[in-house]
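Below: one structure, written as structure tokens.
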Amino acid sequence: QFDPDNTGYISTEKFRSLLQRHGSELDPHKLEVLLALADSNSEGRICYQDFVNLMSNKRSNSFRQAILQGNRRLCSKALLEETGLSLSQRLIRHVAYETLPREIDRKWYYDSYTCCPPPWFMITITIVAFFVYNGVVLDRFVLQVSHPLYLKNALLYHPQLRAQAWRYLTYILMHAGIEHLGLNVVLQLLVGVPLEMVHGAARISFVYLAGVVAGSLAVSVADMRAPVVGSSGGVYALVSAHLANIVMNWSGMKCQFKLLRMAVALICMSFEFGRAVWLRFHPSAYPPCPHPSFMAHLGGVMVGITLGVIILRNYEQRLQDQTLWWIFLSIYIIFVLFAIFWNIFAYSLLDLKLPPPP
């Protein structure tokens with residue numbers, strides 16, 4: 001009706017008149033973004049597909065670029081200033097301000113989030129993987145490094161058993177002590193659950209599992225004689241990505257006490273990492289096999305500040321459009337391939353004396 005030539009565009013004047021006529025029928029947050037789209041468009045016309053994507057809660061790259069480059073006006077008060085919200089609405093608003101640096105993204109998230117699906121990945125991997133397996137199957141919540149079953153389970157990564165590929169992932173189910181388990185669970189839930197609520201299970205699980213794999217592979221390359229246990233690779237990937245995202249968008253982040261929260265997170269990570277370093281060089285309960293390596297922590301951090309930052313920075317934008325994403329993904333794949341070949345050939349070429357298999 002408004003595009004008789006079937007060009008896929010209508011003029012911004014016609015678009016604004018339609019908004020004024022039917023604005024009362026629209027959600028206030030969507031109306032605000034539609035007005036921002038009209039204000040930011042310098043070509044004098046609006047793409048029909050952008051309008052469809054907005055109304056169906058899909059965001060195209062061209063729409064995002066129009067919002068980023070235009071001089072838009074937010075016609076209502078900031079989300080933080082809205083009153084009369086229920087407890088669940090305040091929680092969603094809190095998560096938005098904890099993770100997103102731009103007001104337009106916060107309002108978009110607040111408007112579209114339905115808690116369906118819930119943040120199932122982080123909750124499942126925490127409750128089922130850590131507590132159900134350790135508590136029910138092993139009949140204890142954690143295996144201390146001095147426990148007889150510590151090296152004799154089929155989950156931890158051991159250099160003599162590196163051909164069993166599942167150990168590069170399943171080592172996250174085991175922990176070196178209750179302190180190790182406790183800190184990882186706290187960081188994983190406090191940081192991972194809000195990130196998954198915003199970015200979805202697919203993105204967050206990718207960052208987490210990429211950190212897990214990078215952690216075990218880093219141990220196999222840089223600390224070749226040591227085993228490894230714990231979920232620190234995945235946890236550190238999420239936390240370091242989140243902290244790096246806050247630093248890069250410091251002025252836009254409106255979360256309360258952000259400096260204090262960053263300091264607490266860094267202190268917890270430093271304490272846990274320092275404990276891992278101390279434990280690695282402490283006399284082992286099962287010589288000649290040393291205590292678990294700390295290199296998995298560093299592998300997770302490297303994944304977080306590369307792949308993780310790109311994923312968290314581009315909220316609801318297609319990653320395949322991002323050049324930097326492909327660069328970092330290529331680097332990660334090259335590292336994985338290098339580590340695989342290293343595991344196949346380097347151990348025999350270097351003639352290392354590995355600890356005996358458990």
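The count begins at 1 with the first shown residue.
Heads up, the Cβ atoms here are built off N, Cα and C, so glycines get one too.
Within 10 Å of the C-beta of Ser232 (active site, nucleophile) we count 33 further C-beta atoms, all protein chains included. Feature annotation from TrEMBL assigns active site, nucleophile to Ser232.
The Cβ of His297 (active site) lies under 8 Å from the Cβ of Gly215, Ser232, Gly233, Tyr236, Glu272, Phe273, Ala276, each of which sits 6+ residues away along the same chain. Positions annotated as active site by TrEMBL: His297.
Sorting the domain 'EF-hand' (1-25) by DSSP state (H, G, I as helix; E, B as strand; all else coil) yields 14 helix, 3 strand, 8 coil. Annotation source TrEMBL lists domain 'EF-hand' at 1-25.
Marked as transmembrane segment by TrEMBL: 120-143 (among others).
Here TrEMBL flags 204-222 (among others) as transmembrane segment. Only residues 6 or more beyond the boundaries of the transmembrane segment (204-222), in the same chain, are considered here, and those with a CB under 8 A from a CB of the stretch are 121-122, 125, 157, 159, 162, 167-169, 171-172, 192, 195-196, 228, 231-238, 241, 293, 295-300, 302-304, 307-308, 311, 332, 335-336, 338-340, 342-343.
Summarising the annotation, TrEMBL assigns transmembrane segment to 228-247 (among others). Beyond the transmembrane segment (228-247), the same-chain residues lying 6 or more positions past its ends with a Cβ under 8 Å from any Cβ of the stretch are 99, 101, 130, 155-157, 171-172, 174-176, 180-181, 184, 187-188, 191-192, 195, 204, 207-216, 219, 253, 255, 258, 262, 265-266, 269, 272, 276, 292-293, 295-297, 299-301, 303-305, 307-309, 311-313.
Residues or ranges marked as transmembrane segment by TrEMBL: 259-281 (among others).
Within the chain carrying the transmembrane segment (293-312), a Cβ under 8 angstroms from the stretch's Cβ atoms is held by residues 99, 195, 199, 203, 206-207, 210-212, 214-219, 222-223, 226-228, 230, 232-242, 244-245, 248, 272-273, 276-277, 279-280, 319, 322, 324-325, 328-329, 331-332, all 6 or more beyond its ends. The transmembrane segment annotation in TrEMBL covers 293-312 (among others).
Residues annotated as transmembrane segment in TrEMBL: 324-350 (among others).
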### Per-region confidence, the domain 'EF-hand' (1-25) (mean pLDDT, whole number)
76
